[in-house]
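Peer 1: Below you'll find the structure I mean.
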There are 2 protein chains.
Amino acid sequence: MKIALLAFTMLYFYHCRCAAAHENSPLGLHYAMFLPTINKQATPEQKKKWLPLAENYKMIGTYAQTELGHGTFIRGLETTATYDPKTKEFILDSPTLTSKKYWPGCLGKTSNHCVVMAQLYTQGKSHGPHMFMVQIRSMEDHSVLPGIEVGVIGNKFGYGTNDNGFLSFDKLRIPRENMLMRYSQVHEDGTYVKPQNAKLAYGSMVLIRSSIVSDAARGLAQACVISIRYSAVRRQTEAYPGGEEPQILDYQTQQYRLFPLLASAYSLQLAGKYVFNTYLEVNDQIEKGNLESMPELHALSAGLKAFSTYEASAGIEVCRICCGGHGYSQASGLPKIYVDVVPGCTYEGENTVMMLQTARYLMKCYSRAKQGQKLPGFVQYIGQNLNKKSCMSEEVALGCLVMAYEHRAARLVEAAAMRMQSLIQGGKKQHEAWNGSSVQLFWAAKAHCHLFCVKNFVDAIQAKSLSSKTVTVMKSVCQLYGVHGILENLGEFMQDGFFSGEQVGYLQRKMLALFENIRPNAVALVDAFDYPDMVLGSCLGRYDGQVYQALYDYAKSAPMNQTEIHSTYYKHLKPLINPETTSDAMQFAKL
Amino acid sequence: MKIALLAFTMLYFYHCRCAAAHENSPLGLHYAMFLPTINKQATPEQKKKWLPLAENYKMIGTYAQTELGHGTFIRGLETTATYDPKTKEFILDSPTLTSKKYWPGCLGKTSNHCVVMAQLYTQGKSHGPHMFMVQIRSMEDHSVLPGIEVGVIGNKFGYGTNDNGFLSFDKLRIPRENMLMRYSQVHEDGTYVKPQNAKLAYGSMVLIRSSIVSDAARGLAQACVISIRYSAVRRQTEAYPGGEEPQILDYQTQQYRLFPLLASAYSLQLAGKYVFNTYLEVNDQIEKGNLESMPELHALSAGLKAFSTYEASAGIEVCRICCGGHGYSQASGLPKIYVDVVPGCTYEGENTVMMLQTARYLMKCYSRAKQGQKLPGFVQYIGQNLNKKSCMSEEVALGCLVMAYEHRAARLVEAAAMRMQSLIQGGKKQHEAWNGSSVQLFWAAKAHCHLFCVKNFVDAIQAKSLSSKTVTVMKSVCQLYGVHGILENLGEFMQDGFFSGEQVGYLQRKMLALFENIRPNAVALVDAFDYPDMVLGSCLGRYDGQVYQALYDYAKSAPMNQTEIHSTYYKHLKPLINPETTSDAMQFAKL
C-alpha cells in the first residue's frame, strides 16, 4: 500500500515535471505531503475517513509546519493545540506574530484542508509538536472558515505557480479526533499517551531528503545538457588571426567549468539513487520498529541533501553563465531550473543544520572507533591511521582517489573531534565547544559526503552490468569527478603532507588530459540523460541545435511585441520628446 | 566638459538607484552609453547637432553592439555598413539571422535612436567595426521606421523594467554624416581614414569595467547589510536543552559564511574606488594620446571586473541562503540584488575572456622580467624568487599576508608561463599552447586580482586619515579577508611548500578568533555602508529590526490576497471538488 502510494506520487511528479517542467504545481503538496502524512500518521479509522475524500479531491490539502519565526528547529514552534476535555476539542491558536504559519506550499488559495504542526497541551502540560487535521476553507464554496486567516505570502524568487501561504488561528476549535493519532494519542479525558519510539519520524525525513538529492541532481543534469549542447553550437573569438571561430566547448576554460559539473551530475544522480534504494530496503524494518540502520542512513541523507543542493545550485549558475549573455534570458531555461533547485538549500532542514547533524553522527562514530568498537559499513574509515602518504601516481588510479578522500575525511573528523576536546578541556561547556568547533565539524561532514559520492561513483562503474565501452567512457568522468574535487579542496589534502607537490602535479595534468578525453563524448554524455526538449524548456539546449532561430522566435512571441508602440510611450516618453504638449512633464524632466 | 558629464551620469544613477533600487531604468543607457558615446566618438559638428537633441530628450538613444551570434569578440560582428559614394550614404544591413542585434538595453520599445556598431565596407574593402548613428523610430509618433525591425527579446532572469531588444536592418540607408567620425572617417568619395591610435577605445572600457567593480561591490555590501542585520534579529534552535534560542549571528557557521563576505564587500568597494580614481588620473593622458599607463590599468580593470562580479554574485546568494527560507521571498530584497549583479559576469566582456586578457598582460610582464626589465608599479612581484618560505606567525601580520598572496600569484604566473613554453617546445602552435594553458592562465589572473584586492585593502587601512579606533576594527576585517582567502585557496599556497602545516594551523585558529573579534562590531560595520531602507528594499534588512511585522505586511499586500477566493477555484478546483457539476473534469481528474 505504502509502496503503491509512493509509486503513484512519483508517477504524478514525473508527469507534472513533463507537463510543466520547473513549475511548481499548486496540488504538489497534496500528493507529496498531505496524502503520505495521512498514510503514515493517521489511525486506521482516520485513514478510512480521510483517504477516500483526499484521493477523490474533496479534501485538498497541504502540510503546515514552518512559522514566521520558526523553521528548522521544530520544537521552537509556537502554534498551540490545547485540549479541552469538556467539549472534547482541541483549541488551535496562534498566540504571537511569529507563530503564524508562513511558507507552506499550496496553502494560500488552493487547499481546503491542512495538516498543522502545533505544540500539544493537555492536562496543563506541554508534550511538544504534534499533527492535527484542520479544515481551513468550506468544501462547498471555498470560503475561509471562521477563526482562520489565510492568504499567499507574495512574490518569491521562483515558485511563481505555487501559492505558498500564511495561516493563523484565533482559538479555533477542532474535534479531538482530528489529532493524527497513530503514534501518540490524547484520550477523551485528556490523558496523553506518548509514541513508543520518538524517532519514527526519521523515515519520512530520509525519504524527502533523498528525493531532494535526486531533484538537485536532475536540475544540475538538465543545466549541463543545455550548456554543453549550446557550447557545441556557439562559436566565439577566432583562435588565431583569420582563423575560424571555434565551438566554445573547445576552449579549455569552458571544459574546466562544464565537464566537472557533468561529472557531478552523474555522481549526484547515483548518490540520490543509492539513498532512495537504501531507504526502500530499510523501510520495512523501520515500520517494524527496528531502527538499527537508521542513524547511518539518516546522517547520510541529511548531509547529502545539503551537499547536493549546494553543489547543484552553484553548478547550475555556472552552466548558465557559461552560456554567456543568452544564459540570462528566460529563453535559456536556466533561470527557472536554478530557482527551482536552490530553495532546496533551505527547505526541509537548513543546509548548515543538516551538515551538523551529519557531523554529530560522525563524532559519535569517532568516539566509538577510539573505544575500539567496529563501525558499520561506510563509516569504517573513521579513526583510521593518519600517518600515511598517498599512493597517487601519474595514472591516477581510482583506488588512490578513494583512499585520498578517505584520508581527508578521516583527518577532518579527527581534527574536529580534537578541537571539541580541547575546548572542553579549556573549560567550555559542551554546547559552547560544539559551536566553537562547528566550522570544522562542517568541513568534516562535507568531506564525508564528498567521499561518499566519489566511492559510490567508483562502485557504480565497477558494477558488472556495464559494457566495457561504457566503462571506458564513464571511468574518465568518474576520474574527473575525483581529481577535480581534490584540486578544488587541495589544502585539505595537503595540510598534513598526505600529497606531495609532485603528486599534485600529476593530478593537474591528469585533469587537463581528461578534458581532452571527455570532449568527443561530451554531447553524447548529456544526450544520455535523455531529457526531451519539452522538459528542458530551453532555446539553447535544443536537441536540433537551432538555437538562434529559437531565440529569435522567442523574442518575436513576447507579449510586448504584439503592439508596435508600448503604452508607456504615451504616458511617459511623448511628454519628454514633445514637451510643448505637456509643460508639466518638461518641468519634471528638467529636475 | 567630460568630467561634468560623468558627474551628471553618476548623479543620475545615484538618484535612479534610490528611486527604484535594483530596477533598471529604460532610460539608463541613454545616460550611460548614448550620451557618453556621442561625447567621445562624435566630431564637434556632430556633437553640436546631436547633443542638444539628446540632452533635451528629443533623441532618446541606446548603444547596439551585441548580436544574436556575437558577443565579446567584436570583430566577429556581422552587421554591415557599406558606403555608397553615389548617394553619399551608408547601407546598413543584417545579412544573416545571427547578425541581428540582440540584448541592447532600452532598445525594444523606448529608444528612437541608436548608435550601431557595424562592419564598415568602403571602396570594396572591410575596415572592421565602426559606430553609426541610426534613427529607428519616428520622433513624431514613435512608429518604427521602414527598413527596421525592432522589438523586445522577452523575459529575462531580472531586468524586468528594461526593454532589452533586438534590431535588424534591411538595406537601410543613412547619410554619410551619421558615421561617428572623431577618430576615423570616410570621405565623400569613399576614402577611408583610419584612427591614429586603435587603442583609444580602451578608455571607455576601463571606465565601464571599473564602474562594474563598484556595482558588484555595492550589491554585495547591500546583501551583507540585509543578511547580517537579519541574523542579529533571527533566533533559531536552542543552544542547549531549555536554553534560549540564540541570534543566528552567534553561530560560528553563520559567521563563517557572512563575515568573510563582509570583508569582501569592503575590499571590493576599495578596489572599485581605486580603479575609478586611477582612470580619472590617466584619463587626460589618454585623451592626449599618451597610453603608457593604459596596459596595466586595462589589464587590472578587465580582471577585477571578472573577479568582483564572480565574488559578489556568489556572495550575494550566500547572504540570501543565510537568511534561511525567508531569503527566497522577494520580500527579502535579495533576489533582485542578485539578478541585478550577476549579469555583470557576462556583459561588457565575458568574465573568462576578461581574466585571460589580464593573463596575457601578466605573460608579457613575466617575459620582460625574465629579460631583466623593470616592471611598472603593482606587477613588480612577477618573476621574483620563488624559493622562499612564508613569514607567517601566530599573530598573522598584514605584511606576511601580502607576501603570501604575492608568492602565490608569482608562482602561478610562472607555472602558466612554463606550461605555455613546454607546449610550444612540444610542437604546439602559439594559439594551441595558449588554449592548452588557459586554465592555468585563468588561475594566475585570478591570483593577481586577489593579490591586488588584499594589497589595496592593506594600503587603505594604513592611510593616515583613519582614527586609531577605526584602524583597530578595520584591521580585523582586512586580516579576515586575507586569511579566509588563503584558506579557501589553500592548495595554491601549499603546493610548493611555501606554508607549513603548522602555519596553516595558525591561519585556521586566527580565522575563528577573528570571527569573535568582529562579532560585536558586525552590525555597525554594515550600518556604516549607510544604505537607507528604501534602497535596500528588504523586509529582513530593516534598520529597525521589525522583520516579522514587515513580512506579514508584505504578505497581506499581495495582489492575490485582495480577493478571498481566487478565480482558479471556479475554473479548476470546483470541478475537482464537486465533480457532479462537471463530469468532464472528473474524467480528467481520474486520468
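Yeah, the Cβs are placed from backbone N, Cα and C, and that goes for glycine too.
Note: TrEMBL annotation is automatic and uncurated.
Okay, so TrEMBL annotates it like this:
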type	residues	note
SIGNAL	B:1-20	signal peptide
DOMAIN	B:20-60	domain 'Acyl-coenzyme A oxidase N-terminal'
BINDING	B:Thr66, B:Gly105	FAD binding site
DOMAIN	B:202-363	domain 'Acyl-CoA oxidase C-alpha1'
ACT_SITE	B:Glu348	active site, proton acceptor
DOMAIN	B:400-578	domain 'Acyl-CoA oxidase C-terminal'
Peer 1: If you measure Cβ to Cβ, which of the recorded positions B:Thr66, B:Gly105, B:Glu348 are under 8 Å from chain A?
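Peer 2: The answer, in sequence order, is B:Thr66.
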Peer 1: Could you give the mean pLDDT over the domain 'Acyl-CoA oxidase C-terminal' (B:400-578), rounded to a whole number?
Peer 2: 96
Peer 1: In sequence order, which same-chain residues at least six apart have a C-beta under 8 angstroms from B:Thr66 (FAD binding site)?
Peer 2: B:Lys101, B:Tyr102, B:Trp103, B:Pro104
Peer 1: For the domain 'Acyl-coenzyme A oxidase N-terminal' (B:20-60), find every same-chain residue at least 6 residues outside the stretch whose CB is under 8 Å from a CB in it, and list them.
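Peer 2: Tertiary neighbours of the domain 'Acyl-coenzyme A oxidase N-terminal' (B:20-60) are 1-2, 5-6, 8-9, 12-13, 104-106, 109-113, 115, 131, 133, 139, 158-163, 177, 180-183, 203-204, 333, 336-337, 340, 534-537.
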Peer 1: Neighbour count, 10 Å Cβ-Cβ cut-off, for the residue listed as 'active site, proton acceptor': what number do you get?
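Peer 2: For the residue listed as 'active site, proton acceptor', the 10 Å Cβ neighbour count is 17.
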Peer 1: If I restrict to non-local contacts, at least six residues apart, and a C-beta distance under 8 angstroms, what lies near B:Gly105 (FAD binding site) in its own chain?
Peer 2: B:Asn24, B:Pro26, B:Gly28, B:Leu29, B:Thr62, B:Tyr159, B:Asn162, B:Asp163, B:Asn164, B:Gly165
Peer 1: Using DSSP, how many residues in the domain 'Acyl-coenzyme A oxidase N-terminal' (B:20-60) fall into helix, strand and coil?
Peer 2: 26 helix, 0 strand, 15 coil
Peer 1: Give the three-state DSSP assignment (helix, strand or coil) for B:Thr66 (FAD binding site).
Peer 2: coil
